[in-house]
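Per TrEMBL, these features apply:
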- 7-24: transmembrane segment (TRANSMEM)
- 69-96: region 'Disordered' (REGION)
- 87-96: compositional bias 'Basic and acidic residues' (COMPBIAS)
- Gln221, Lys237, Glu258, Ala340, Ala341, Phe342, Leu343, Glu414, Asp429: ATP binding site (BINDING)
- Glu258, Asp429: Mn(2+) binding site (BINDING)
- 304-516: domain 'FAM20 C-terminal' (DOMAIN)
- Asp409: active site (ACT_SITE)
Amino acid sequence: MKLKQRVVITCVGLATLTIFYLLVETVYKINPNRLPTFLKNSLSNVGHEYDGSHISAIRKRLNKSNYTSDDFSPEGGGDKVSGVGKDTLHSSDDRRSRKDGVEHWAMSPLLLRINNTDSEVDLLLHKLQNYDRRKFDFTKLKPIPYYEYLKTLRKRIKRKGTSLDAFRTFIGSLTTSWERFHKGIHQYHLYSPDDSTVDDLLRDVAQEPIVDVEQKEGGTQLKLIITFSDEGQALFKPMRYPREQETLPNHFYFSDYERHNAEVAAFHLDRVLGFYRVPPTAGRVVNMTRDIKRLADHKLSKTFFISPANNLCFHGSCSYYCDSGHAICGSPDLLESSMAAFLPPEKIAARKTWRNPWKRSYSKHRKAYWEVYDDLCDKVKTKSPYNTGRRLLDLMDTHVFDFMTGNLDRHHYETFKDFGNDTFHLHLDNGRSFGKWRLDDMSILAPVFQCCKIRYSTFMKLAKFYIGPDKLSALMKAETSRDKLFPVLIQNHLIALDRRVIKILKEIYICIQNGNDISDVIEDDHF
Ligand SMILES: Nc1ncnc2c1ncn2[C@@H]1O[C@H](COP(=O)(O)OP(=O)(O)OP(=O)(O)O)[C@@H](O)[C@H]1O
Ligand SMILES: [Mn+2]
């Protein structure tokens, strides 16, 4: 063979091998399971672990208008997505695809007890302390009990704003806990932590005799409005799953049942965090025969039946899950439930519903804009109500809260109209929280790592859980211990809370490492 021929053959051979290798690598990245094991192993062994980045690259090439955009703009805006924004995908996509330990926790329950320290978080706290000792004195803070620190934070802020218009000129005494709760609603919190009313209300919704039951119209799943003998009311959600049962991996969050214990746990987490934005919610075991069936109207009562296992069941009527295949069953007629104290009626305290700019897509085929592009925050920041005042920080708080509970379902949130834009976000409807303790869904934190922003007081509370002496899991366990449904959360969920605290702090570390100003990232409220 001539030399020239040999060279040509060698080149063709090399080119074929390269093309084959690239082909195999691409298949591996798209779906490793399509490859024979030996190829899969050889690729993963040389550090080609799939991180999802190339899928993002493909997405990026697609027109931006392919993604759901109805909620792209903040309230009032009608901006369409197509053609706007810059491609800043890499940073947060890398972050989102950072190993979040899902497999790790799944494989070894013994490894659940995660390290309580993290070198990046340690570096962050060290850096902050050096940056401003007055604001970030972690050495001094370390031995202080969490609740004591929470009080000092509150003193620092020290304001509750106005009350609802309807109560501003009210004189006279209110005897029931639910009336006192309504009167206590203020511009900057739903209730005051120093007021014993909330504990009275929790006791009452858990034990006052039930005198009326009504199905709540609207919504996707069955909910009842319960009226008590003192004329107070609560939103009832029934137990659908035992505490241990996790959301199935192939289920979308929007096709998951709501969890009664999640509603109770979310209330307590909100209170521990010093947010005071979730209506007081307690667990209660109801006697379905006496407390529901007896008081039900004809439409509801005819959905009651005895199951083959001799338990009393009912399904009510609603747009999903209201048939005998999705019945709510007692044991034999005792049923666990959550009771969320009712807010004042619209006539007394009208509420405004806001679309969450970081709302998810409710389609199994489409992604939301922010899941693909990183520039949503640039737009949100410039538009009302997020361009002034507290609302952007409140949105960050909402997502910090939802990340901790694992709630993907925050499509909207509400505020009281009386208070205008300078008020807190109500965190209603936490039923889809605490579905997966193994998974820390980083995408819920997207607003935080895309805006690189967190409220100073929220950051400090998380840092305080991290440095101790009180771990969030321990505080949550203690808080929920008075509830009739204790243990409201199983240990795995409690441990997940501690783990998630660390993950939020790590995101803040990355923001600062990436060169963002500390004072921009950890932002104080400007009063
Ligand atoms: N404690 C409460 N007091 C008064 N109204 C409430 C309370 N909690 C929730 N609501 C109202 O009831 C509506 C439905 O509640 P929730 O969101 O829990 O039900 P849902 O079936 O999950 O609704 P959807 O399926 O639309 O998410 C809420 O949007 C809110 O306006
Ligand atoms: Mn809901």
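All residue numbers here begin at 1 and follow the chain in the order shown.
Every residue, even glycine, has its Cβ placed from backbone N, Cα and C.
It should be emphasised that the depicted structure is a prediction, and the values quoted were computed from it without experimental measurement.
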On a C-alpha basis, identify the one among Gln221, Leu343, Asp429 that is nearest to Asp409 (active site); the candidates are the binding-site residues. Asp429
Same-chain residues at least 6 apart in sequence whose Cβ lies under 8 Å from Asp429 (ATP binding site): Asp409
Only counting partners 6 or more residues apart, tell me which same-chain residues put their Cβ under 8 Å from the Cβ of Gln221 (ATP binding site). Lys237, Tyr257, Glu258, Cys318, Tyr320, Tyr321, Cys322, Gly431
Output: those binding-site residues from Gln221, Ala341, Leu343, Asp429 whose CB lies less than 6 Å from an atom of ligand 2, in sequence order; none if no residue fits. Asp429
Looking only at Glu258, Asp409, the recorded positions on record, which one has the least crowded Cβ, with the fewest other Cβ atoms within 10 Å? Asp409
Residues with Cβ closer than 8 Å to the Cβ of Ala341 (ATP binding site), same chain and 6+ apart in sequence? Trp178, Phe181, Leu201, Val205, Gly232, Gln233, Ala234, Pro279, Pro280, Thr281
Those residues of the chain, 6+ apart, with a Cβ under 8 Å from that of Leu343 (ATP binding site): His182, Ile185, Pro279, Ala349, Arg351, Leu426
The correct three-state DSSP answer for Ala341 (ATP binding site) is strand
Taking the residues the record says bind ATP (Gln221, Lys237, Glu258, Ala340, Ala341, Phe342, Leu343, Glu414, Asp429), how far apart in Å are the two Cα atoms that sit farthest from each other? 20
PLDDT averaged over every residue in the domain 'FAM20 C-terminal' (304-516): 96
